[in-house]
Amino acid sequence: MSSSPLSKKRRVSGPDPKPGSNCSPAHSVLSEVPSVPANGMAKNVSDADIDEGLYSRQLYVLGHEAMKRLQTSSVLVSGLRGLGVEIAKNIILGGVKAVTLHDQGTAQWADLSSQFYLREEDIGKNRAEVSQPRLAELNSYVPVSAYTGPLVEDFLSDFQVVVLTNSPLEDQLRVGEFCHSHGIKLVVADTRGLFGQLFCDFGEEMILTDSNGEQPLSAMVSMVTKDNPGVVTCLDEARHGFESGDFVSFSEVQGMIELNGSQPMEIKVLGPYTFSICDTSNFSDYIRGGIVSQVKVPKKISFKSLPASLAEPDFVMTDFAKYSRPAQLHIGFQALHHFCAQHGRSPRPHNEEDAAELVTIAQAVNARSLPAVQQGSLDEDLIRKLAYVAAGDLAPINAFIGGLAAQEVMKACSGKFMPIMQWLYFDALECLPEDKEALTEDKCLPRQNRYDGQVAVFGSDLQERLGKQKYFLVGAGAIGCELLKNFAMIGLGCAEDGEIVVTDMDTIEKSNLNRQFLFRPWDVTKLKSDTAAAAVRQMNPHIRVTSHQNRVGPDTERIYDDDFFQNLDGVTNALDNVDARMYMDRRCVYYRKPLLESGTLGTKGNVQVVIPFLTESYSSSQDPPEKSIPICTLKNFPNAIEHTLQWARDEFEGLFKQPAENVNQYLTDPKFVERTLRLAGTQPLEVLEAVQRSLVLQRPQTWADCVTWACHHWHTQYSNNIRQLLHNFPPDQLTSSGAPFWSGPKRCPHPLTFDVSNPLHLDYVIAAANLFAQTYGLTGSQDRAAVATLLQSVQVPEFTPKSGVKIHVSDQELQSANASVDDSRLEELKATLPSPEKLPGFKMYPIDFEKDDDTNFHMDFIVAASNLRAENYDIPPADRHKSKLIAGKIIPAIATTTAAVVGLVCLELYKVVQGHRQLNSYKNGFLNLALPFFGFSEPLAAPRHQYYNQEWTLWDRFEVQGLQPNGEEMTLKQFLDYFKTEHKLEITMLSQGVSMLYSFFMPAAKLKERLDQPMTEIVSRVSKRKLGRHVRALVLELCCNDESGEDVEVPYVRYTIR
């Protein structure tokens, strides 16, 4: 997904402000953050029993409290075919207390279609016993055991959650009744070919602590009326985002102090900036200020038992285009259970006799259903299709339903997120051939091989086609691992002339293990692509997978060249950034290859399918850009912890990376100063002053010098600069209109006084001094006592605020000031910088920020720097966990969402491989497992454009053969003439990449020179780059006029040169 972590700030009540101003008392609110010494630093650790290194990304989805509840829950998973193993995998990765695997059956050939922890040599062995050691490897914190006896009541009593998969209805009803009456939460999951079913019963009194998982919202108050009800108006900088029925609390309100610290109150939204609260008519008059924060109030929800809900079901929709289908499938699945009980088997694949019988049974089930459930008209065609595919077992369907079911288990354990209430049905009938006559019973008969479960649905022809596919998988992270697993199960690229190429340049880290399930602890530091490829070969030894370690981009186009792409059947993205996604999208459009795109963000996920000449591309629509924080807010007027964390990240770069890089360039590049002077605004001054500081004014010789520097810098940032700001804008300052300057989003700061006994102050000095020492190659220290002793001898110069110092209140002011340059100061700097010749062999060591290493002082510095600044402005601080999320721009992630999303991707893959050509056969998908919400839509058709009577889309282009029959290349003049005669288009501008090759306003002399030059020669000269031997064609962009002189939009040109 293209979005970044949703990290809206929640405010908590702070100290009452002084009457008549927005200034808060000069004391700290940091006592709310626990400090636990670890690794020599005071770190905020929420719970020592949670391995934050392993569960890092999942903790940002669930939170510590939900995670703790998860760790006290034992879960039974009954049925270890493809669906059961998917659910077990996800909840083991999630970190429940213990998992017991139950199955009394033995592995059959058809199980290998989706059960990725069964091998061919396991045929005939108990599924639970074979799977147990392989599942146990996923998470050393979760004991996994196997049980092969009957599901008796004494055994069931040991579990908090019971999951039944692929079980008879008789067993479901018996177990369901027992679980409901004994407070055991129940999940029933079933998949039949292209159909899936899910049922949840979490008891009559489940406490839901958080229904959506979103960070609580907060907003700044600008007005509260004395009324019944009182109306709250928020600052118009941003919409408040609340909904009617939300509960809120208030803090920092001046005047109407009765609101501060009051019990959470329910609101009614009146508009994007207003809402009503309780009766405020007897409260004090509102003066100014205040923060309103959403409060998540626990609520009780009640479930019916399985027998009761079977008779009177409630449905969660998965596809609003199939509105009546859940009720029809509710009848169909009951009929299927009756059929299986009568015959001891599922209906035979695509057998008309069994399909007719299932329709008859379904009619009988419908007839005896309660009136509210009874279907006036049974969809017999749907029931027949259920019969046709019910014997099938598809890995993608299991991945989707298994991801959902595992998330429901986590909801049952933790009380976090809204459960499915209570039935969910899903189908993917669009995956069947568009030619309804293509499948016959003969084609779907079992072959006694690992793909029998899939052949039962799609026949043997598609299986052969899947094996011959050549696919490029870009990324081997969480989505990449799940894709490879599904590819292995469905047989993609498993025939002699098939292949999957997977590329990923990353190595495995501990935090990956929680959701990138192909990796194990002993794989940490190994290459992802190699390890993932080896792991899926264990799942299906026939898969032909080649691993690369290349980043996709212009620099690897000699590897992923024309030959490479032309041999592909399609591309699947498993990327984590928008730039790489857009690059691969452009390559797929150029080479006209299908692209399967997906992404996740916590419990949210999306799938997009891109089909040549049919759909729009990934880049056709984009998310709006993220709202950036104004520079002046960061520098002088922060009001949220996000502001102080971004400021701390900027500090890190400006202290420990950029100066060192600039010094090294100054010492090695003779043109560095000349190049720096050409930078815009005040940048030349800032860069050269930083170089002078690093080489002359602040260059340390010893560790003690680094401690002194850190102490001085502490005073500059948290005392001196704040005192200067308050000198310029005193607490009682008024604006030109007479309003208090320190009001609204401007929080009045106060300076801090350094105290070596304050853990946070010492944290800052130790982290800053160690990082500063690293940039000079000096050895640091973690000895807190020794550093405290050194600090006692540091002399801090007395600071007196200066008059005439300009502090900019807005970014517009700042930009105006940056336009003027102090040339005399620049000349002085150039003269005083030491000559590189005088510093032979000297170099500095820039530090790249790395958030996941708790021993490198990076996050120690960020947390201390941010929370000290937050203390300056009386902003509630953030613990290390939250700080890492925001400063590290971490994308929350959980295995359940990934599994479900990839299941949907591979359903689209079935359609792509079959060559579906109807737009309504494909489905773009969006889901949010927390709500739960599912939305599917047809992909948008590629937008159509026109010049003259010629229609075109992004998939069309002009094909121009650069080499002429006589072996000579086309010149610019010939190129321009070709378009005039062949297409009646007059080219007004012509470019290749960022290079302008021709324009109507080009100087006559330059134009005359170029007209007779070959096109490739012009490209090389203008771009100052030689064309590589792998380049067979150039992409040229045109601006054109038609014969009437009107500007017309036209496709690009593919200009072939070899």
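Positions of Cβ are set from backbone N, Cα and C atoms, glycine also.
Predicted, not measured: the structure shown is a model, and the values here were computed from it.
ATP binding, as stated in Swiss-Prot, involves A478, R515, K528, D576, N577; the candidate among D504, D562, D563 given for that site is D504. When Cα-Cα distances from K980 (N6-acetyllysine) are compared across the recorded positions D504, R515, S810, the shortest belongs to D504. Taking CA atoms as the reference points, S835 (phosphoserine) and D504 (ATP binding site) are 43 Å apart.
Most Cβ neighbours within 10 Å, among the recorded positions K528, K980: K528 holds that distinction in the structure as shown.
The Cα atom of Y55 (phosphotyrosine) lies nearest to that of R515, taking the binding-site residues R515, K528, D576 as the candidates. Cα-Cα distance from D504 (ATP binding site) to C632 (active site, glycyl thioester intermediate): 39 Å (rounded to the nearest whole number).
Between the CA atoms of K671 (N6-acetyllysine) and C632 (active site, glycyl thioester intermediate) there is a gap of 33 Å, rounded to the nearest whole number. Across the region '2 approximate repeats' (63-611), the prediction's mean pLDDT works out to 96. Within the set of recorded positions A478, D576, N577, C632, the entry lying nearest in space to S810 (phosphoserine) is C632 (CA atoms). Here the repeat '1-1' (63-199) is broken down by DSSP into helix, strand and coil counts: 55 helix, 34 strand, 48 coil.
Just so you know, the Cβ of N577 (ATP binding site) picks up 12 other Cβ atoms within 10 Å once every protein chain is counted.
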